[in-house]
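Step one of this worksheet: look at the structure below.
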Amino acid sequence: MNASCCLPSVQPTLPNGSEHLQAPFFSNQSSSAFCEQVFIKPEVFLSLGIVSLLENILVILAVVRNGNLHSPMYFFLCSLAVADMLVSVSNALETIMIAIVHSDYLTFEDQFIQHMDNIFDSMICISLVASICNLLAIAVDRYVTIFYALRYHSIMTVRKALTLIVAIWVCCGVCGVVFIVYSESKMVIVCLITMFFAMMLLMGTLYVHMFLFARLHVKRIAALPPADGVAPQQHSCMKGAVTITILLGVFIFCWAPFFLHLVLIITCPTNPYCICYTAHFNTYLVLIMCNSVIDPLIYAFRSLELRNTFREILCGCNGMNLG
């Protein structure tokens, strides 16, 4: 609960109002001896969860409503929006659960609290794996768009994209269950860290290759006479690649402190400086939730079509041409 996913809880204590229902293994309760923990009000988690939920629902509604957005990339963005919703909703519900546990009106057995903790931890784990897999799928989609432009519509069809999305979520569901079943093992943390860095390396390689190709292509186009359709098409492909690169950068920025937290738990659990860093776990959770809030803003900023659809849904502008 407001804890890192899938790791064992050792005691049913609550260090402060924004902490976990059960103190996770890596929350390092002794950290207060070395540095002061940052108190984050429960309202922050709840507010971020609600904003993220509304924003990502808007993204999904926009893609469903606008036929021009029925393409593999936007379907992958919808899947990423669901992953963003999952992590924010889990933390918001967790905050509500903490408030209920702290109230004098209801009491719960420790076993029930442990079950709820496992459910919310599983949701966070599933969201993490889903986010990484969807970002990778989008990277592959942009890669195919740039390097196999003439065959793109036969290689990456809507049906194939939807099948891949279903496969991603089935895999994520299995991972969530496995992480909970083996939550007592440190191998869970090792697997999460390994997956994160392996996926980041793979996506980084794809994007470096794409932008090197784009740079070479721009030089070649500049040396040729103007040809209608060539430059605009390439510009459109690269604009999509830039958008996903921004998404990836924000994802790394928001999730990196969490993964550094996991790395320190494995490598130096008793070092005072490591303990001090891990004392601020709730801050890293807030960053993760901020990622879920920022992503829809990036979609809107980078896509005029999506932005217009948002405006139509929110304002009811019937005169807008959505093609």
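Glycine is no exception: its Cβ is also placed from the backbone N, Cα and C atoms.
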Check your understanding: Do Arg65 and Gly316 sit on the same side of the membrane in Swiss-Prot?
Key -> yes
Point to revise | Same-chain residue ranges lying at least 6 outside the topological domain 'Cytoplasmic' (64-75) that approach it to Cβ under 8 Å | key: 138, 141-142, 156-158, 160-162, 165, 240, 305-306, 309, 312-313, 322-323
Review point. Hey, would you say the transmembrane segment (187-210) packs against the transmembrane segment (38-63), going by three or more CB pairs under 8 A that are 6+ residues apart?
Key: no
Review point. Going along the chain, which residues at least six beyond the ends of the transmembrane segment (76-100) come within the CB cut-off of under 8 Å?
Key: 1-2, 14, 17-21, 42, 45-46, 48-50, 52-53, 56-57, 59-60, 63-64, 106, 116, 120, 123-124, 126-128, 130-131, 134-135, 137-138, 141, 161, 165, 168-169, 247, 285, 288-289, 291-293, 295-296, 299
Exercise for review: Spell out yes or no: are there three or more C-beta pairs under 8 angstroms between the transmembrane segment (38-63) and the transmembrane segment (278-301), with each pair 6 or more apart in sequence?
Suggested key: yes
Exercise for review: Enumerate same-chain residues with a sequence separation of six or more from Cys315 (S-palmitoyl cysteine) and a Cβ-Cβ distance below 8 A; give 'none' if the list is empty.
Suggested key: none
**Study point:** Close approaches to the transmembrane segment (119-140) from elsewhere in its chain (Cβ under 8 angstroms; 6 or more beyond its ends)
**Key:** 1, 3-7, 73, 76-77, 79-80, 82-84, 86-87, 89-91, 93-94, 97, 161, 164-165, 168-169, 171-173, 175-177, 179-180, 183, 192, 195-196, 199, 202-203, 206-207, 244, 247-248, 251, 255
